[in-house]
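This report concerns only the one structure given below.
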Amino acid sequence: MTAKDSTRLASILVTSLVLVVPILVLWVDVPLLVILPAVGIGYVIYCYWTERVLTGLISAFFVLAVFGANIPLFDGPDKVDLSLYIMDLLAVVLLAVIIDQSDLNIWQISYSKLSLAAVLGLAAFVVWAFVAAAVGNGPSQIAATIFAVQQMRYLVMFLTGLFVVLQTKLIVGLYPLLISIGGNVLYALGEVVVGHTFGLTYLGDAGGRSFTEFGIGPWIFETGFFISGYVGNVRELVAITLLLLPFLVYVGMRDGLRNTVFALLSLGSVAIVIRAGATDAGLGASILTLSVMGVLLLCVCSTDGVYSQLRSSLLNLFAIVFSVGLYRGWFSMRGDMSKGTNPTTPEPQGGTSEPTTTTPEPQGGTSEPTTIIGDILSIFPVVEINTLSIRLTQYAAAIHIAIAYPVFGIGGYNFALLSQEYNLPNGMDIHNQYLAYLAATGLPGLIAYMVSIGSVFTLLCYHLLRGEEQYKLVYTCLICSLIGFHAYSFWVTSQKFIIPNIAFWLLSGMVIGSVLQTSANRRA
């Protein structure tokens, strides 16, 4: 099993789902329920014919991990639902096959302290989420239980990524995941161009309302939730593009004009999709990701030649300038964009996608931010200060809950049910994943979560500093991806993002698997 095989199979599957299926459904009028089984059967036959069944299963799992295709199972309060995703089934099958076809014994794996902390930290967080649901102080035990089940899903994804990499290599799973994210960006870019959702809800395209407009040259484009790819929501799509962003710079650093052109076009496409998402948090996180990437590459690539350093610096600079320019309207020939009307949305092509659980960006607040804070933040071109006041109100509420219920919190997904008690709009969540977990599971839950994500990040930094030449640039990209993801999670309601959290924990599991594999090879 090689990375070349998994990459080829992932490319075939993503091309089929992102290009072939929409063309046949929307322009040739082939029923979606006809073409989807045909694509699946064709993929299975090809894998069997080329004797790549296990590789095909691995590629399909990582590709579909960022597709929001699901079957609703249970409706909870305040649009909190429990659904069965296609990657849930694939994860169970893949785990069973991997363990059955190998001599893997999890009790004989030589875990380092940090890798063990990452695994046990996440497991403890899952257990505490269930405990908080059972004995917490929130108004809905059902909502808290659904939250706990979601965390258990992430643990399964984490372990699946870990065991797959232990039996193969890091890039066998990483490349298909990145290709799938890229396919979602391409699909979303098409939605930006046409100005409405394509409506393929069976695959996770949920649609949504439009916000404003932005311009590139003489062309005007809509922004809004409808630009979702197959992820289901533009806020979630932005989250997974942050994981992809550093790897696009990595591709552009490789020799060859084709790689550079591909990286430029891809970085530009990601910038357009983030701009179409109308989220200053996403823009700020992308700029932070690219800035850290530029600095790290100058250090890591110090022995790779001046041309490699120059290419990486120029690519990062291009992406940052283009992103800020889109946000500030530098490239528009139409001047300031006024609010656009809702685009005409075609009838969905069958299926039911899980209702959007993303809370819209808060508008207004109880008071304006202080003059000093406002003046400081206004210096930065990507910071919107009009939502600062209401976010600070949310953060104060989370801390108040933590003081009142420090051990068990109020249970997951319960804050939205109590938001009016804290002078917030009904149904509003905390726009900060870490404070949301503090309110949901108390201090023990937050500590367990932070131990897990902190251990993963520390392991990446440690192995990069040790000079692991095989994955030097890959580890650099992963560090930047996690920084961008965590920065974004600090400013939005990431605790309700299903697909991005699946992608994040898959990457985290793959990191632990790669570290354990590298350590085992060194001892051998």
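Every residue gets a Cβ built from N, Cα and C, even glycine.
Look at TrEMBL and you will find 7-26, 32-49, 56-74, 111-135, 155-178, 216-232, 237-253, 259-278, 285-307, 313-331, 473-491, 497-516 (among others) tagged as transmembrane segment. If you look up TrEMBL, you'll see 338-367 marked as region 'Disordered'. The compositional bias 'Low complexity' annotation in TrEMBL covers 343-367.
Outside the transmembrane segment (259-278) by six or more residues, the chain places 182, 185-186, 188-189, 192, 211-212, 214, 216, 221-224, 227, 234-235, 237-238, 241, 244-245, 248-249, 251-253, 286, 311, 315, 318-319, 322-323, 326-327, 361 with a CB less than 8 A from a CB of the stretch. Sequence-distant contacts of the transmembrane segment (155-178) (same chain, six or more residues past either end, CB-CB distance under 8 Å): 1-3, 6-7, 9-10, 55, 58-59, 61-63, 65-66, 87-88, 91-92, 94-95, 98-99, 102, 104, 109, 119, 122-123, 126, 243-244, 247, 471, 474, 502-503, 505-514, 516-517. Listed stretches 7-26, 32-49, 237-253, 313-331 were compared with the transmembrane segment (56-74); the greatest number of C-beta pairs under 8 angstroms is found for 7-26. Residues 62, 65-68, 85, 87, 109-112, 115, 118-119, 122, 150, 153-155, 157-166, 169-170, 173-174, 177, 181, 204, 231-233, 235-236, 239-240, 243, 354, 357-358, 452-453, 456, 459-460, 463, 471, 478, 481-482, 485 of the same chain lie 6 or more positions beyond the ends of the transmembrane segment (497-516) yet place their CB under 8 Å from a CB of it. When Cβ-Cβ distances below 8 Å are used as the criterion, the transmembrane segment (32-49) is approached by residues 9, 12-13, 16-17, 20-21, 24-25, 55-57, 60, 200, 202-203, 349-351 of the same chain, each at least six residues removed from its ends.
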